[in-house]
Every structure is written in C-alpha cells, then in structure tokens.
Amino acid sequence: MGYEAELAAAREHVAFLYRRLDAERALAAGELVRVLRDNSATTPEERWQRQVSVDRLTARVQRFQAAESGLCFGRIDSSKGQRTYIGRIGLLDEENDYVSLLVDWRAPAARPFYCATAATPEGLVRRRHFHTRERSVLGIADDVFDLANAEGTPGSDGALLAALDAPREATMRDIVATIQAEQDEIIRLDHRGVLVIQGGPGTGKTAVALHRIAYLLYTQRRRLSRWGVLVIGPNPAFLHYIGNVLPSLGETDVVFAAMGELLPGLRTSTEDSAAAKRVKGSLVMVEMLAAAVADRQELPEVPIEIELEDVVVELDREVAAQARERARATGLRHNDARPIFRDQLIAGLTERAVDKIGEGWLEPADHALRAEFAADVCRELSRSSQLRTAIDLLWPELTPQRLLADLFGSPARIAAAAGGLDEVDHAALYREKGDDWTVSDVPLLDEAAGLLGTDGGAEQRAESERREQAEYAEGVLQILDTDEELDNEETLRAVDVIDPERLAERNLERDHRCLAQRAAADREWTYGHVVVDEAQELSEMDWRMIMRRCPNRSMTIVGDLAQRNSPAGARSWADMLDRYVPGRWACHQLTVNYRTPAEVMAIAAKVLAAVGAEFQPPESVRSTGIQPWAQRVDPGELATTLNRIVRSESGEGTLAVIAPEDTELAANADIRTPRQVKGLEFDRVIVLEPHQILADPEHGAVDLYVALTRATQRLGVLHTEPLPDILAGLSPRQG
Ligand SMILES: Nc1ncnc2c1ncn2[C@@H]1O[C@H](COP(=O)(O)OP(=O)(O)OP(=O)(O)O)[C@@H](O)[C@H]1O
C-alpha cells in the first residue's frame, strides 16, 4: 500500500476508535446520572455504596474525557502479522468477544512501541507513529525493523523532533506518544523502594517521573488509590507548570504540594537568607526543638499561691518538679501530657492542703476524714482559676506556630535551646514577631507538631471539611455538566437532578471527600507513593518531614546535583537517603537533553564546568543551527534595548527574561530570577547581566547554568559589563 492509502486506512481506524470512545463515555455518564438520581439509599451502608459508585463512575468519565486528544498515537506490527494500536486508554470490542481495539500505553503489550530498536526489535517489523490534531490524523511515520519484509515511511524520529520543536505553552505537555527507550525503562521499572532519577537539565526527569506515576497508578491502582500519591515541587509556579500532565493522562487523584504547603492550613513561599536556610535545614534542629519543648515545661521561680476556701497552698518547685517528672515519664507528647501534669499537680497540692488544714488535729491514720477533705480540695483545685493560670504558665498548650514564634522571637530562648550552635546561627534564627513563616520553617513546624501532639484546631478543621465536601459535590456535577452527550434537551442535566449542597449533605455521614482532598487536609496522612522534584534543594529537615509522609518508602526522587543552589541542599544522594533507606535506593541516570539545542548547550557546558568539574553536560538530541547571541549596551539603554528585542522576538511560543535577583528595570517584560525559572522552559530566553548573576560566590554559576538551560529554541544575553570569560563562545547579536 502506498502512503496515501495507509493514511486513509489509519484515519478510518482512528475514526472508528473515537466512535467507541464516545459510546463508552456516554454509557459511563448515563450510569453516573442514574446513580446520582437514585435517592433510594437510606442506610449509611447503602449511601456509602452509592458514593463508591459515584466516585468510580466519575473517574471513568474523566478518563474518557482525558483521552479525547490524541486517543490513538501509534501502531505496532509484529513479525507474526499482528497489529496493535497504542493509545491513551484501552478499548475493547464488546460486541466481538472483547477483542482489544486499543491498548493502553502502560500495558505490557505496548512496551515494544517504546523500546524496540533496530538492534532489538522486540518481535516487531514496524512501529508506526500517527501525527494527530484533535480527532484528525494528519500524517503517519514508520520505523521499519525488518527492511527485507516490510515497506514503510522510515524515520519516526520525526515524531520526537516535531514534538521537541513545537512551540511551548504555559504548561508542560505529556510525552506519551514519544517516550524514549531510556525513559521507558525508568517509567516501567519494577523497583518498590526509593528510586532516584538523576540527570542534567532537559533530560526529561520531570516528564519521566510524572509518567511513572501514571504507570504506577495503572499497575497498582488498588494500593495507590487507597493511600494516594503526593507530588512535591519547589514552588506553586512549578506545580502549575506540571499540573496538567497527569490529568491529560486521565489521572486526577494525586496531591500536588509545594514545599511551603505541606502543612495543612499554612501556605508560604517566603524564602530565608542563606544563613538561616543552612541552620534551619540542619538536623541540629531536631534536638533544638525537643529542647525548646522541654523548656516550656517550666518550674516556678517563686512559689505561686493558690487560694482555697479554708487554706492557701503553695505551688512551689518541688511539687511542680514531681508533677513534671511523672507527666514526662508517660512518654506522651507535650499537649497530650498536659492533663497528666495537671492531675499530678492537683494530687500534690491536695496532699499539702489536707496536711495544712489538719495541722495539729488530724491524725494520719484517720483515713476516712482525710479522704473527705481530699475530695473537697481536689474539687476546688479543679475549678481554681489561679491553678489554671499557673498551668498555662508552667505547661502551656502549644501550637507549632506558637512554639516556634516564641522560640525564634527570643534570643534568650534560642540560646537556651540551641546546644551546639554559635552566635551567627543564633542571629540567623531570630525572627521578628509577625514575620511571615518561611519555606524552611515548614519542616520545623511539622517537627514541632509531632512533638506537641493534639491541639485545639478541631473545630476549624471540621468547618474546612464541610466546605470541601460542598466543593467536591460541585465538582462531581461539573464533570457531568461538561459532557456534551448529556447536553441536549431530552436529557436531564446533572444540576437539574441534584444541587451541590444536597449532594454534600448526603455525603456528610461518611467522609466522602476524594482521597486527594482528605490527604491534603491531614498532616498525619501517609501516602502510598511520594514524588519529589528538584530534590537536590531539600534540606535534611525537609527529608525528615517527607519521610514521615511515606513510611513505606515508595518514592520517586527527581533531581540534578549540578543545579543545587540551596546551601542546605544535597551534596550527594547518599547523604540524604542512607539515613532512611541504607543501601536500598536505586539511582538511574538520564543523559539525553530533549530541551536545549546543541548550540545552547555548548555555551551552558562551560558554565557547568565552573559549577564543578565532576558534572557532565547532557547531550542534546537536536541542533537548530541558531547560534546564541550576546549584546553589550550602555546601562542607560538596557531597558529600551530589552524592550526592542522582546518586541522583535515576540511570536508563537513562550519567552522569558531572566535577570539577577533584585533587578529593577522599567521594561515591558516579565522579568524572573534564575530561581523562579528552575524546572521551567521557554522557547526564547534572554539572560540579563550574567556578570551580576555570577557575582554570588555560593551559587552564581549554578544560577547562570539554570538560566541558560531554560531555552528550547533561542538564547540571547544582554549585558552592560564585559562578558564573563565563560560566555566567550556567544556570537554578537545581528540586527
Ligand atoms: N520523550 C520525549 N518526547 C517529547 N518531549 C520530551 C521527551 N522527553 C522530554 N521531553 C521534553 O523535554 C523537556 C524537558 O523535560 P523535563 O522538564 O522533564 O526535563 P528535566 O530533566 O526535568 O529538566 P530540569 O532539570 O531543567 O528541570 C520538556 O518539554 C519535555 O516535555
């Protein structure tokens, strides 16, 4: 068959698959409406079952919707003459003995599509890529593995290169149609513990980790849908950038959180100084926080008088010390042990009060009378506001925020709790009252929460849960409402059937929030799998917090040690991981750069050498023939020149101007710092003032390396000082 005939056949088959998709989706949506309409459930059990059906059908409808674009993107032909179509989901022919019409890309049968090569064809004679837009097949390209027996259109590298050359959008796309063999191996790796994906910029680490999640959800759905998956990224902008990939693969039940959002009820992106990051990130904080909690279990400097009806008793160091010792001996956490401290104080003070009342006339052997007095005194003490005030002073109920605010707001408390730290560290820890919490405070607050135990936030939590229930119900209805199959006059629309509040009310009997919402609201939730991106930035304290969230240690860790700019971050993976999974973590390298063209990478490689001689630049998979440029301007002309260049560069795709921290320039461009663009990419990148970026002795070279490697097409450098030597390879800007 010639190319046109092959193309026509492909179009016909893909159109048939879309008809099947439409039919399946209509079936699932119709069933969902039927379940929602059904009000017959009366017992909690029946309501629960109904909700399980709603959740299952909602997920099914979502999966069909996600498969809409690029439903089928390839075909493999085996040497035995079998043709297998590969796509975003699996479809079966129910009328024809459940024959497979389309194989989910994650199924074992799809594996050869990704890993067959001329040397190891995996039983294939042909791999065909469909180039599609919306529902249309625009073209086909073949890899032919057995040239003697198969005809074809060679060169499906074209599918990869077309994907890489396509203009970028504001958010990352999935790569399901063009996953490369080295990436596929990691995505499908059968490794139950901690897996590190290490590689240079643009090697697809993030893309691979996200596709691995989709794969794990496919192969271990029961386990993971019970415990959930958490994806941790450096900041909300990064999470927004990657946030569409899993939904586009039909997977929505995943919790995304930036490092500053891992504690329910707190969101921060404020960064500390380098000195504060270093000390707050270090494990010395574990002892410091324990000491800070112990410091809040105080003894009175001078005796506190508690006035009772018949007598005044003194709460002195001795009685307080005894109560404290007994409360501590329970091993309970601070807030949980407070009632024990109180009871022990009351017991000690009661004994004293009875002795005082009976002084001179009450015999020790007169047990009955003593017990009567003791009961009265005990009752009085339990109601005493003076005793309550004293307990608040000696063993206050603490939230993590209050503990840390009191600690870091007081040089004296810092000095008392900080065993091995010097004065520079003390100064770095100091915090003015009312200052924002920082990202480095989050693991400390989390640690403190673990030391303190329960606090009084239950009511707040109940209210926010109620709100989430209503939002969830609204979401279910929206999903139904966007389904065009239901959008005709004969079919009742979902919102006509039930309103969100009623649905939320029904759900209140049991916690029906989707797993992602429940998990995100619960500090003590432990996940079935945790992904950490830009993991080289995490401090020892960050790791401690994350490990608490994943006791089974099923983790995918993504990072590049050469891109570390946090002083508290990882020097090696072993430094961070051996403490938790000694010898039980695997590291896989990605070496091919899919983002940055060879021309740009040649410049960035020299900067990488300045970061550290031990780092190897990744090899670019493509070159564009476009040389990166540099232009020197007078300081007074920087803004106008930049405006002119931005105007001339504007067009399809994305553009970023990356400048040193604290740059203030009246230019019509969105100017970002190297740290803000970490993990992101843009079609055109203009880097400003590289000498200033390099001036930071700690992470200047890393920041410049990160900035240069964001470009997918073109790179330019605009500077007012002489170009640093390591950028000498840049060509002067033309025009
Ligand atoms: N197999 C592939 N097919 C198509 N595009 C790919 C493929 N692999 C990677 N890419 C693209 O390459 C770009 C870089 O990928 P990604 O952001 O995952 O790299 P990274 O290693 O995480 O980079 P960084 O270290 O800078 O964060 C993305 O646009 C991604 O979609």
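Just so you know, glycine gets a Cβ as well, placed from its N, Cα and C.
Residues annotated as domain 'UvrD-like helicase ATP-binding' in TrEMBL: 178-597.
Lys205 (ATP binding site): 28 other CB atoms within 10 A of its CB, across all protein chains. Taken from TrEMBL, the feature ATP binding site applies to Gly199, Gly200, Pro201, Gly202, Thr203, Gly204, Lys205, Thr206.
In the three-state DSSP classification, Thr203 (ATP binding site) falls within coil.
In this structure, the binding-site residues that sit close to ligand 1, with a C-beta under 6 angstroms from any of its atoms, are Thr203, Gly204, Lys205, chosen from Gly200, Thr203, Gly204, Lys205. Around Gly202 (ATP binding site), the same-chain residues six or more apart in sequence whose CB sits under 8 Å from its CB are Asn593, Tyr594, Arg595, Thr596, Pro618, Ser620, Glu681, Thr709, listed in sequence order.
Every protein chain considered, the tally of other Cβ atoms within 10 Å of the Cβ of Pro201 (ATP binding site) stands at 24. Averaged over the domain 'UvrD-like helicase ATP-binding' (178-597), the predicted model reaches a pLDDT of 87.
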